[in-house]
Amino acid sequence: MNHKVGFVSLGCPKALVDSERIITQLKAQGYELVPTYEDAGVVVINTCGFIDSAVQESLDTIKEAMAENGRVIVTGCLGAKADVIKNACPDVLHISGAHAYEEVVNAVHQHLPPPADPFTQLIPPQGIKLTPRHYAYLKISEGCNQKCTFCIIPTMRGKLQSYPMAQILTEAKKLKQAGVKELLVISQDTSAYGVDTRYQQVEWQGKTVNTRFYDLCEQLGELGIWVRLHYVYPYPHVDDIVPLMRDGLILPYLDIPLQHANSRILKAMKRPASSENTLLRIASWREICPDITLRSTFIVGFPGETEEEFSELLAFLKEAQLDRVGCFKYSPVEGAKANDLDNPVSEDIKEERYHRFMQVQAEISRNKLKNKIGSTQTVLIDEITEDQIIARSKSDAPEIDGLVYLPKISGITVGSFAEVVITDSDDYDLYASLV
């Protein structure tokens, strides 16, 4: 019997971790993962449904798999909208929502029974990873308790469910033992970790720790590898983490989505609504940890956004001088409460504001990177091509930030650290030579 499974993982790093867990279970039960539809006995597609373009990509992928294979199991965020999938592809075998690991595996069992003698001893202790060996995503919770009006993640992934502290730390320890040099801490709301457990106390390696964001960062920092924080909602207690960055326990890098700067827009988004307070906090973080890299994301073209309110956002950008910034044009995701707001912004204006926003940020980034010329940086080697080495500094998360380019030199290996001197820069990347 064909025990081959095709697997497609779409969407964000949180979905990638879900895919890793499903694949680990399937491999442990003897299934073989294959890269093509035609060789597979069944195809599993982990979908994204966050914005309309992601929904369309997911539906297109399902249709392609149905056309080339015909035996498709669908899971992930879009699975929360089973009717959308059924309308587009009525013959899919099974549909489940996000983080439904057991349901997906059971569906595979139903339509493609596992082999009688699985080779579980071939599965590494840290499980199957879809990232390069030297870095891994560490998901610490599921779901979100926020009620942001532009977002439907709580509908798709449910309320906050923090993973047990010991489970997270055990996984982190296994990843380090497997050679991982960088952990990227992720969730829908990373800084809310432990809220749902009321910060319960647990025992870990002979000591008592609280199930809360600070304690988790402190314990991860003791591993002695890079620990990078993503999706950090700007709660007041985030300020307590910055000294850990200053002291070298975790990377001086904070991914903190701010979304806008105008108070009326922020209130309409149901986000923290004081840009003045945010600027004061940014100044405080930089005073405590001068090397901190601040990454954020913003939305332009939110319903009702006026030219004056957009200009306020640009002024905030110029004053905040953030290091890394992403920008999204507002997308009217089905089910989002913001869709009911008056005065939607036209697509032309969204596009024009997006380009103006990115122009401002490109200049900020260009000047910040130029100031790094002549400095010495520690970099992690990501890739070696025929003619160059591609690395990342402490300021650069994989996939979303800039890169550090080095001339190719023998003796350097992927996944190793190196000390480099920055020799040049452009809008988003650095160029360097070995010390």
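In case you wondered, yes, glycine gets a Cβ from its N, Cα and C as well.
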Original post:
Can you tell which of CYS48, CYS89 Swiss-Prot lists as binding [4Fe-4S] cluster 1 with CYS12, CYS77?
Top reply: CYS48
**OP:** Other Cβ atoms within 10 Å is the metric here; tell me which of the binding-site residues CYS12, CYS77, CYS148, CYS151 scores highest.
**Re:** CYS77
Original post:
Of the residues in the domain 'TRAM' (370-435), how many are helix, strand and coil by DSSP?
Top reply: 1 helix, 33 strand, 32 coil
**OP:** Restricting to the same chain and to sequence separations of six or more, state which residues have a Cβ under 8 Å from that of CYS48 ([4Fe-4S] cluster 1 binding site).
**Re:** LEU10, GLY11, CYS12, ALA15, ALA54, VAL55, GLU57, SER58, GLY76, CYS77, LEU78
Subject >> CB contacts for CYS144 ([4Fe-4S] cluster 2 binding site) [other CB atoms within 10 A, all chains] >> reply: 23
Original post:
From the centroid of the CB atoms of CYS12, CYS48, CYS77, the recorded [4Fe-4S] cluster 1 site, which same-chain residues not already listed sit within 8 A by their CB, in sequence order?
Top reply: LEU10, GLY11, LYS14, ALA15, THR47, GLY49, PHE50, ALA54, GLY76, LEU78, ALA98
Subject >> Three-state composition of the domain 'MTTase N-terminal' (3-113), taking helix and strand from DSSP >> reply: 56 helix, 22 strand, 33 coil
Original post:
When you average the Cβ positions of CYS144, CYS148, CYS151 for the [4Fe-4S] cluster 2 site, which other residues in that chain have a Cβ within 8 Å of that mean position?
Top reply: GLN146, LYS147, PHE150, ILE152, ILE153, PRO154, GLN188, ASP189
